[in-house]
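**Student:** As listed in Swiss-Prot for this protein:
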- Asp14, Ser64, Asp445, His446: Mn(2+) 2 binding site (BINDING)
- Ser64: active site, phosphoserine intermediate (ACT_SITE)
- His125, Arg155, Asp156, Arg187, Arg193, Arg264, Pro265, Asp266, Arg267, Lys337: substrate binding site (BINDING)
- Asp404, His408, His467: Mn(2+) 1 binding site (BINDING)
Amino acid sequence: MNFTKRPFLLTILDGWGYSPEVEGNAIHAANTPNLDDLLETYPNTLLSASGEDVGLPEGQMGNSEVGHLNIGAGRVVYQDLTRINRDIGNGDFFKNPVLKQAIENAKAQGSALHLMGLFSYGGVHSHMKHLRALIEFAKDEGITEIFIHAFLDGRDVSPRAALEDMKEHVEYCNNLSVGKIATVSGRYYAMDRDNRWDRTEDAYNAITRGDGVYYSKGPVDAISEGYGRGENDEFIKPTVIVDENGRPIGRMNENDTVIFFNFRPDRARQLTYAFVNDEFDNFERKSHPKVHFVCMTEYDEKLEVPIAFPSEELKNTLGEVLSKEGIKQLRIAETEKYAHVTFFFNGGVEKQNEGEERCLIPSPKVATYDLKPEMSAYEVTEELIERIGSGKYDVIVLNLANMDMVGHSGIMEAAVKAVEVVDDCVGKIITAIKEVGGEAMVMADHGNAEKMVEFCNNTERQCYTAHTSNPVRCIYVTQEKRVELQKGRLSDVAPTILKIMGIEKPPEMTGVPLIKNT
């Protein structure tokens with residue numbers, strides 16, 4: 001290794017997508033003197049961050065998990081969504097031994113099968129196609145009592161997409177003569193990932209005890225009533241569906257079988273722990289039925305549960321290669337994106353590499369981040385600048401979460417503020433890097449804040465809260481002259497960093513360095 005311009009800082013600005021559209025573009029509307037200066041001064045390009053270029057189905061928008069996996073792996077990582085879709089298509093899904101055993105357990109016990117997960121076509125955490133494949137699998141195996149616990153989205157799809165989706169799904173189940181929605185909860189409650197256990201508790205109680213915040217005679221009514229309270233899909237309070245006598249139609253009992261069909265781990269962990277961890281103490285479980293619990297993918301290596309689609313091992317990720325070279329690394333982010341710069345960036349491996357330090361800055365405890373668009377960016381920046389000055393690290397991986405997390409609110413003014421906060425922080429961080437003679441790459445993992453509105457029927461304007469499939473910026477902050485970057489995809493970033501540092505790219509990395517040969 002002949003790299004002397006240390007540290008090298010990889011700055012991932014979550015949700016910093018590129019779009020020429022002006023209307024509803026918080027990035028265009030914001031005052032960003034620092035990012036503008038970097039784009040004018042240093043080599044930069046656009047990277048594909050969605051669809052087949054990141055291992056997703058064609059046209060599927062990217063997300064933080066997928067983005068960090070591809071960036072850290074230096075190759076296109078075929079995602080769980082793609083794998084599961086493939087198995088449904090070729091029939092292997094219906095032979096999956098873990099899923100088959102779960103269904104056999106329900107048959108043997110004469111008990112109910114509960115399917116819980118994000119009720120969404122978004123394809124980020126789950127997909128309706130997978131839920132329906134499970135229903136059809138169970139029906140074909142003779143299961144008649146199937147209850148669905150629907151977690152409503154409103155972030156990776158339109159804020160109120162669930163109502164029409166639910167109407168369609170109820171008709172689908174009626175046609176099959178099997179499958180009933182037992183509970184409805186916004187993902188804000190059922191899929192919290194920031195240790196706000198009171199939210200998880202509300203969802204857990206609805207699912208296990210039939211103890212809801214609200215009760216409704218049907219799932220379509222439950223959603224409509226939530227809208228009447230001013231709640232979008234994401235925030236609909238846990239609602240239990242009851243029969244004509246007011247009794248929960250799908251309360252969970254001993255020996256029932258549960259399949260959690262989310263394939264993305266980070267927002268599935270807390271609720272799973274509440275179900276399967278005997279030592280659980282984050283809230284009092286008033287009911288804890290012993291069930292046969294199956295996870296669609298591996299949510300956490302500490303969870304001892306059957307996994308339908310185990311992780312595929314990724315060898316020689318960027319962090320692993322740097323570790324073998326004796327390079328000291330720092331990973332730093334606030335809570336919302338900490339798992340992304342550690343677990344996901346390392347190829348879905350929780351264990352730290354040798355020589356890798358981690359720094360977690362707590363995210364603010366607010367209901368939604370539009371209430372505090374700066375989140376903890378300034379605290380992250382202050383800590384990072386101090387660590388840059390220490391001279392201890394060779395490579396630093398940073399995530400600033402604001403443009404993504406505030407972008408999900410759909411509130412334009414808050415998103416503009418988030419962009420401006422990030423710009424301010426980037427300016428301070430790049431100044432600190434230059435002062436010690438380091439270099440940096442400033443990029444994103446997927447788009448979000450560049451699209452805050454959409455138009456229905458070409459006329460009706462509404463908030464847009466999902467990610468986008470737009471390309472993302474990539475800037476190489478260097479004093480080297482005559483450097484040019486070519487267009488590429490996220491998986492080209494790790495090979496580029498290795499080339500900059502004079503380290504040979506391992507054969508597993510199929511990405512191509514972005515630096516043009518001059």
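Glycine residues also receive a Cβ, built from the backbone N, Cα and C atoms like all the rest.
Map these features onto the structure and tell me what's around them.
**Tutor:** Within 10 Å of the C-beta of Asp14 (Mn(2+) 2 binding site) we count 28 further C-beta atoms, all protein chains included.
Classification of Ser64 (Mn(2+) 2 binding site) by DSSP places it within a helix.
Take the CB of Asp156 (substrate binding site) and look out to 10 A: across all protein chains shown you find 22 other CB atoms.
Around the Cβ of His408 (Mn(2+) 1 binding site), 24 further Cβ atoms fall within 10 Å across all displayed protein chains. Secondary structure at His408 (Mn(2+) 1 binding site), taken from DSSP and collapsed to helix, strand or coil, is coil.
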**Student:** Within its own chain, what residues at least 6 apart in sequence put their Cβ under 8 Å from the Cβ of Asp445 (Mn(2+) 2 binding site), listed in sequence order?
**Tutor:** Ile12, Asp14, Ala49, Gly62, Asn63, Ser64, Val66, Gly67, His68, Ile71, His340, Val472, Leu490
**Student:** So if I measure Cβ to Cβ from Pro265 (substrate binding site) and keep only same-chain residues at least 6 apart in sequence, which ones fall under 8 Å?
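**Tutor:** Result: Glu65, Thr297, Glu298, Tyr299, Asp300.
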**Student:** Pop the Cα-Cα gap between His446 (Mn(2+) 2 binding site) and His125 (substrate binding site) into the table, whole Å please.
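**Tutor:** About 15 Å separate the Cα atoms of these two residues.
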**Student:** Per 10 Å Cβ neighbour count, which of the binding-site residues His125, Arg193, Arg267 ranks highest?
**Tutor:** His125
**Student:** Far apart in sequence but close in space: which same-chain residues, 6 or more away, have a Cβ under 8 Å from His467 (Mn(2+) 1 binding site)?
**Tutor:** Gly15, Met61, Gly62, Asn63, Val124, Asp156, Asp404, His446, Gly447, Asn448
